[in-house]
Each structure stands twice: as structure tokens, then as C-alpha cells.
């Protein structure tokens, strides 16, 4: 990464590319016990959060990610009541989950409290649900939390993590997925951010392989635009305990949802279930 001439530029080595934002000033910086968190004011994208020099979110486009890691899984499950979010310290995913009135509890477990405190200060619009009676915010190791989660107690596990390095490295392996598998009920769904399908299909395949080793039987990777991330195209991957799951969703409920979204719709959900040919071929779909 580099900062020069009022631009913040993140270099992405796997594709020999970069993404940049014009900035008007640095608002804050905190070194937590786990990582460095920085907040910048941009000229066109609102506020920008970096973690260890990598772009995490902007005010302008975070809705793509937060909606797609939440609503497809919640509308795919027949009746989700208990949701666990591992990571998600900016609280945007928690906000989207708790838009669903049928959800009775949502526990967010992020290892770094400072991410949440910075989000509350600089991205308060993401933290609307933090004081919802159904919300529980924990600041602990997500790997340990899932290992100790009672068997068959959770409907959906959302892994809203940073890239598979540093504090998030343990969230991308068989042992962690085994804990998720154990905690989920029979109709439960695991959903995890799965990087760029344009640049990192090998990593997505590795994730799905590790999930399969842990017992998951069916997988579906959903691509979506994410302008602030490398390549501008991102994905989430859903995993089911059920063999040959088709990931059909409650289309009527999605069409009649009683809350606003900026990107997710029932029609979009239908379309995103059909992977582009090069993605389908690489993932064996």
C-alpha cells in the first residue's frame, strides 16, 4: 500500500493490480493488540477503514458485502432463529441479520473490540442494531467460541472475516469448519466471505474442500460486485449439511420482505444462483 498525492493505493500482488481512493485527511489510527486500524476521509467514497493496510470498507459501497453475506443465507434457511456471526466487528452484517423479524438471537464474536469501537464512532449507520435486545456482542476468539458452541444449537453461522492471514487465519481450515458443522442444526447453513472469484478461484476451491472434509455436503458460491476490494468482484460461499442441496430460497418471503435493501432483491438472488460459466467450471458446479 502507499499514500501519496492525496491518494491511498492498495496494491494487490496476485493480479498485479491496485485500487485507489482520493483522500482528504486521516481521521484516526489505533493499534490494537491484534492489528492496526485506520480511518480516512475520502473525497467521493465517504469514510474508509483499513486494517493492517488493507481496505475493509467504505461508506459508499459496504452495502453490497453486508447484504450478500446475510440475506441469501437467511432466506435459504427455512426458519432461521439463532444466528452466530464470527468476525463482523464493523457490525454491518449484524444490522442486516436483525432486519429479519424471525431471528430471535444473533451473537457477534469478533476478536478485536477496537474494530467495533471505531465503527461505532465513524460508521454509526452500520451499528443501528448493536442495542437490539436480540443482539449479543462478544469480543473473543471466534475459533474458541465455535469449538465450545453446543451441538445443534445454531441455524446459521456467518464467517465475516478478513483475509485468511493474521487473526483470521484459523477461520479457513478443517478444524474450524468441524466446529461449525457440530454447532449447526441439520438444516443449518454456514456462509463465509470467499474472496474474489476472478482472481482467487483456487482459494475458493480450497475452502470448499476443507468444508467438505469437515462434513458439509453441498456448496454454492455467490459472486457480487464490491468496488472497494481487489478486482471489484467478491463472493460468499454457502455450505449445507444436506447432500445435493439446491439452495432454493423462500422466494415469496424475499419478495415480500418488510425492510429496505440497496442491492439484494429476490430477483437478484435467483440470478446469482447461476454461476458464470468460468466460475462454474472451476468449482465443478
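Backbone N, Cα and C atoms are what each Cβ position is placed from, and that goes for glycine too.
Taken from Swiss-Prot, the feature domain 'PABS' applies to 5-241, supported by sequence analysis.
What Swiss-Prot records for 35, 110, 141, 142, 167 is S-methyl-5'-thioadenosine binding site. The DSSP secondary structure for residue 141 (S-methyl-5'-thioadenosine binding site) is coil. Note on residue 141 (S-methyl-5'-thioadenosine binding site): other Cβ atoms within 10 Å of its Cβ, all shown chains, come to 15.
The spermidine binding site annotation in Swiss-Prot covers 66, 90, 160, 161, 162, 163 and is backed by sequence analysis. Other Cβ atoms within 10 Å of the Cβ of residue 161 (spermidine binding site), summed over all protein chains shown, number 22.
According to Swiss-Prot, the active site, proton acceptor annotation covers 160. Within 10 Å of the C-beta of residue 160 (spermidine binding site) there are 27 other C-beta atoms, taking all protein chains into account. Look at residue 160 (spermidine binding site): DSSP puts it in a strand.
Residue 90 (spermidine binding site) falls within neither a helix nor a strand when secondary structure is assigned with DSSP, and so counts as coil.
This prediction places the mean pLDDT of the domain 'PABS' (5-241) at 95. Long-range neighbours of residue 110 (S-methyl-5'-thioadenosine binding site) (same chain, six or more residues apart, CB within less than 8 Å of its CB): 86, 87, 88, 89, 116, 137, 138, 139, 142. Distance between Cα atoms for residue 160 (spermidine binding site) and residue 35 (S-methyl-5'-thioadenosine binding site): 16 Å, as a whole number.
Counting every protein chain shown, 20 other Cβ atoms lie within 10 Å of the Cβ of residue 35 (S-methyl-5'-thioadenosine binding site).
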